[in-house]
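A quick write-up on the structure given underneath.
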Amino acid sequence: MAEVRLTDIRKSYGSLEVIKGVNLEVSSGEFVVFVGPSGCGKSTLLRMIAGLEDISSGELTIGGTVMNDVDPSKRGIAMVFQTYALYPHMTVRENMGFALRFAGMAKDEIERRVNAAAKILELDALMDRKPKALSGGQRQRVAIGRAIVRQPDVFLFDEPLSNLDAELRVHMRVEIARLHKELNATIVYVTHDQVEAMTLADKIVVMRGGIVEQVGAPLALYDDPDNMFVAGFIGSPRMNFLPAVVIGQAEGGQVTVALKARPDTQLTVACATPPQGGDAVTVGVRPEHFLPAGSGDTQLTAHVDVVEHLGNTSYVYAHTVPGEQIIIEQEERRHGGRYGDEIAVGISAKTSFLFDASGRRIR
């Protein structure tokens with residue numbers, strides 16, 4: 001396996017710059033996931049690594065070799081797409097070995113590689129079937145097998161699970177994670193689904209508008225986001241954002257904020273660089289960090305809109321004022337109220353986040 005390094009990578013279409021100076025290092029054997037909303041540039045960046053898109057400026061190296069102008073077939077990469085792209089008239093065995101046959105590899109070596117990949121992917125019993133006789137998950141495993149037999153330095157996955165139903169996506173996430181451990185492969189993976197990113201990645205690259213917002217381990221991004229975009233994108237359900245204003249400062253960098261929708265709900269938070277009195281800020285609270293009424297550092301009242309019961313966990317959708325919705329996660333079937341009920345929850349300063357007017361985290 002090889003490391004991948006991107007140095008000030010940029011991509012423009014005419015005067016429109018879509019990738020804006022990306023710097024990133026993917027270590028050998030690392031599983032890195034590009035995640036972000038549609039149009040953020042994640043697939044374009046992946047295609048630039050693959051050689052399917054030209055690099056306008058910057059430097060791309062794979063295994064220490066500059067690859068900017070190297071033909072895609074000579075970059076030592078294998079790519080798995082959202083569409084399986086299997087040949088319908090070929091069997092699983094023939095599909096997996098096609099690229100090797102096309103390259104003129106010896107028949108016995110092709111057979112050895114195909115059989116080894118089939119064993120890893122548990123496709124042994126399906127080798128003589130054609131794609132129409134396979135499920136969606138099986139077809140995707142064949143597509144992955146076709147990449148494995150090439151023994152690439154780097155695997156590139158472009159939203160490979162998007163065409164699968166929810167149950168199959170969960171199953172294939174487990175399969176891909178297992179595959180990464182077995183092969184110790186360098187993988188760069190693109191998805192819009194932050195759950196995929198959280199469950200698969202060693203390192204997540206959060207993108208927006210062609211720039212990298214933050215890079216880090218999944219739980220590091222969840223626990224310590226740099227800005228409101230990352231805080232809201234990583235985590236499901238998303239973080240609650242409550243507009244507030246700074247109403248007081250104290251020694252030691254502590255500030256007291258009051259929620260705009262509920263001025264009586266006030267919270268004192270310690271900050272290394274405290275904002276000034278009167279500054280507009282936003283308090284961030286994850287759904288699972290709301291506490292039972294009467295506990296925490298302050299209380300917040302809201303009116304229930306909807307309660308979703310998911311077995312042992314419930315999600316309460318409520319509003320503090322019209323148009324300002326919050327989501328409360330409740331465990332152990334705590335009573336979440338019914339439509340129109342007024343409920344109270346506690347908020348702890350230790351589990352709350354503070355953001356300035358630009359959306360940047362105040363630490």
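Using the three backbone atoms N, Cα and C, a Cβ is placed for every residue, glycine included.
This prediction places the mean pLDDT of the domain 'ABC transporter' (4-234) at 95. Annotated domain 'ABC transporter' per Swiss-Prot: 4-234, in sequence order, evidence recorded as sequence analysis.
Around the Cβ of G41 (ATP binding site), the number of neighbouring Cβ atoms within 10 Å comes to 22. Swiss-Prot lists G36, P37, S38, G39, C40, G41, K42, S43 with the feature ATP binding site, giving sequence analysis as the kind of evidence.
Neighbour list (S43 (ATP binding site), Cβ cut-off 8 Å, at least 6 residues apart, same chain): D158, E159, V190.
Taking Cβ-Cβ distances under 8 Å and a sequence separation of 6 or more, the neighbours of S38 (ATP binding site) in its chain are H192.
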